[in-house]
Structures are given as structure tokens and as C-alpha cells.
Amino acid sequence: MDWSTWFRSHHHHTKFRVAGLLLLGQLVSLTLALQTLTSSLISQKFGVYAPLTQSLFVYASLALVYGTILLCRQKKPLVSWYWYLLLGIVDVQGNYLVNKAFQYSSITSVTLLDCWTIPWAIVFTRIFLGTRYSLWQLSGAAVCVLGLCLVMFSDSGVAGGGGTRPLLGDVLVIGGTLFYAISNVSEEFCVKHKDRVELVSMLGFFGFLVSILEVSVIELKTLESVKYSADIVLAFVGFAASGFMFYSLAPFVLKLSGAAMFNLSILTSDMWAVVFRVYLYHQEVDWLYFVSFAVTVIGLIIYSLTEKNPVPASAGIEDGSLNSEYQMLCDESTESVNNSIAS
């Protein structure tokens, strides 16, 4: 029995479910903060600007571990390969654009504009998955964003500055959030209606292939000029390990709640990064950080308490509420299963 099944079996205990979902969401947020920390070490401390290469090792680890599990199952894939190829392209571009934006815009601007993933996710889940949000849920989402804005207000005194090309950086971030939202909603569909292990393994495999192609075109010269050391290698390993944990845990939050709750949960990753700065670099923390963390958690609680019980995996297919593109994907999966049975 996996975590999602265990949580659903206790769905009548609302407070228990909310507490568990919040805890799991913060665990995902913590892994994202570790990614941010190791990424900043690679780019700022060691001067290696290779976001595609960083992601490449994450995708490789996912393909290796989950792909092995998938092969041992010896089951026919539930989703056609070209859907996973599209998902891999979208996910790689989202990671690349947001990481690239740090070279042109301030940390404050990038982190604040990264919130655009939330409205994108709400719109896409409403259009493609038929998800309905109550006024209380939207209010909870707004409170979460307010909490992050307090962090940005605190950072503006020390991390402000427009960057070298702020407008370009802002455009890259907004474009990245659009890709992130498409990826999250697609993953939500797959984990709720298909198979989690297949999703993660295929995302890792096709994400790795796309990253290899783009690295050979964009970052090959950068990698050739790097003077490698044990510290740089360890930083890349740390990024890959935290990325592996992030992609392994994220599907559980997406299955238990959805893309909107997932993106609201990871808003606190910036605050977890503060904890690392305090203990690793002994930096002082502004009191607004504690206020912002509390406000964000309150918003998450409001959203979780007013959220309806997760829809069963087959509900969206049976009631015909899925968008035509997603319904076509379901039809393809059903046809492939029938063909395998007939043969």
C-alpha cells in the first residue's frame, strides 16, 4: 500500500488527512530548497552556469531507478511514448528558463514571478481536468502568495537590484512558470488516472534525452571550460539527489490533492532556504521571514480544509469531464490494453 492509498483510506479523518498532506507538501518543499541551495553553490560559488547539465543528472537517476522497476513489472505502457516525450520537453524547458533567469534578474524578482505557476495551474486544471475551486480555496491561495510577498519585501533590502537585464529575466521566469504549470497538470492527470512509476520513469527517460540534445548545443563549451574539483562534483551530486527526491515525492501530493496545492506547498521552499543560510552561513534572519512562513501555512490550511475529497482515479473518465485531448489519451490507453489482452 503506497502513501496515497493509505491517505485516501483515512479521508474521513479530515484533520488527520490535512495534517499529513501539509507535512508531505513541506517535505517536497524542503527537497526543492535543497535543490536551490546546491544550484546556487554551483553557479555562484563555483561559477559553473550549466542548468541543463544539472537537470540531466536528475533525469538520469529517475530513469535508472524507476525505469528498472518498470522493466521488472513487464507490463505494457498505459500512455503512448510521444505524450511522455512532450512532457519531457515541457519539463526541461521550464527548469531551464527559470534557472536561466537568475543570470539576468534579481533573486527577488525571479522568486516573486515564480508564483505565476499557481494561477496557471488553477486555470489549466479547470480547463483540462474540470477541477472546481471554491472561494475559500482561492482565498487560501491568495493568503499563501501574500506570505511569499512578505519574504520578497524582506529580501528587497538585501537582495534587491534589477539585475543585468531584468526585463529579459522576468519574461524567462513567466515563460518557465507556464511550462511548469503544463508539466504539473499533466503529471496530476497521469498519477490520478494512470501509473505513478511509469510517469516518473518515462519523464526521467525522455527528460534525459531532451537534456542531452540541448546540452550538446547550448552548454558544451561551458562544460569544456570548467576546472572540475571534488567540491563541484559533490555539488552536482547533491543537486541530483535532492532533485530525485523532489520528483519522487511530488506525484504523491499531486495525487492526493492536485497541481494547485502542490505549487502552493512549494512556496515555502524559499523559507526553508533561509534555515539553511542561518545554519550554514550564520546569516541573520529578518523577523518578516517568520511572519511570512506563518501566513503561508495558514493559507495552506485554509486551502486544505476547504478542499473536497480527492476524486477517485476513474471518476474523471466515467463522468466525461475530461478535456478532449485528455480523453483521447485515455482512449489510446484503453485500446492498447485491449490489444494486449487479445494477443
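Yeah, the Cβs are placed from backbone N, Cα and C, and that goes for glycine too.
Heads up, TrEMBL stuff is auto-annotated, nobody curated it.
Per TrEMBL, the features are as follows:
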- 49-69: transmembrane segment (TRANSMEM)
- 81-98: transmembrane segment (TRANSMEM)
- 104-123: transmembrane segment (TRANSMEM)
- 135-154: transmembrane segment (TRANSMEM)
- 197-220: transmembrane segment (TRANSMEM)
- 232-254: transmembrane segment (TRANSMEM)
- 261-281: transmembrane segment (TRANSMEM)
- 287-305: transmembrane segment (TRANSMEM)
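Counting Cβ pairs closer than 8 Å to the transmembrane segment (197-220), the top stretch among 49-69, 81-98, 232-254 is 49-69. Under 8 Å from some Cβ of the transmembrane segment (49-69) lie the Cβ atoms of residues 39, 42-43, 88, 92, 95-96, 99-100, 103, 197, 200-201, 203-205, 207-208, 211-212, 214-215, 218-219, 222-223, 226, 236-237, 239-241, 243-244, 247-248, all in the same chain and six or more residues away from its ends.
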